[in-house]
Amino acid sequence: MSSRTAPRLMTLQRHLGWPQAGGMAMESSPLTTHVLDTASGLPAQGLCLRLSRLEAPGQQWMELRTSYTNLDGRCPGLLSPGQIKPGTYKLSFDTERYWKERGQESFYPYVEVVFTIAKETQKFHVPLLLSPWSYTTYRGS
């Protein structure tokens with residue numbers, strides 16, 4: 001990579017929300033996700049996702065971050081260790097756009113995974129296995 005290309009790549013990665021570009025190490029984030037496109041057998045790269053937390057009063061969702069999966073289908077740095085606190089969180093995956101960009105019809109326009117974090121000292125990994133007609137998620141490690 002040329003010396004002129006590297007800064008441009010870093011700028012693009014920061015714009016897309018890739019934490020490696022912002023200096024946050026993958027292992028430092030207490031919340032990560034990984035999306036696999038089970039129709040192709042490949043990582044789901046470029047999938048837009050939003051992280052929100054349910055906030056009182058009024059129990060409204062507050063968006064914390066918008067990001068995109070990287071070349072490996074991962075979005076490792078969703079929260080820094082100081083940002084995580086006990087509560088109910090939601091990961092919203094824009095699956096409709098992902099499939100449309102691939103010329104594929106799909107059944108689910110978006111996937112929302114709602115989960116509870118009870119202890120902010122733990123690490124949380126939320127994988128998503130995705131096809132145009134189904135999805136599966138679980139708490140990973």
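Numbering starts at 1 and runs along the chain as displayed.
Even glycines carry a Cβ here, placed using N, Cα and C.
Predicted automatically and left uncurated, TrEMBL annotations should be read as such.
On the 0 to 100 pLDDT scale, the domain 'Transthyretin/hydroxyisourate hydrolase' (27-140) averages 93 in this prediction. If you look up TrEMBL, you'll see 27-140 marked as domain 'Transthyretin/hydroxyisourate hydrolase'.
For HIS34 (substrate binding site), the number of other Cβ atoms no farther than 10 Å from its own Cβ, over all displayed protein chains, is 19. Residues or ranges marked as substrate binding site by TrEMBL: HIS34, ARG74, TYR138.
Shown in sequence order, THR32, THR33, VAL35, LEU36, GLY73, HIS125, VAL126, PRO127, LEU128, GLY140 are the same-chain residues outside HIS34, ARG74, TYR138 whose Cβ sits within 8 Å of the Cβ centre of the substrate site. The residues of the domain 'Transthyretin/hydroxyisourate hydrolase' (27-140), classed with DSSP into helix (H, G, I), strand (E, B) and coil, number 9 helix, 57 strand, 48 coil. Neighbour list (TYR138 (substrate binding site), Cβ cut-off 8 Å, at least 6 residues apart, same chain): PRO127.
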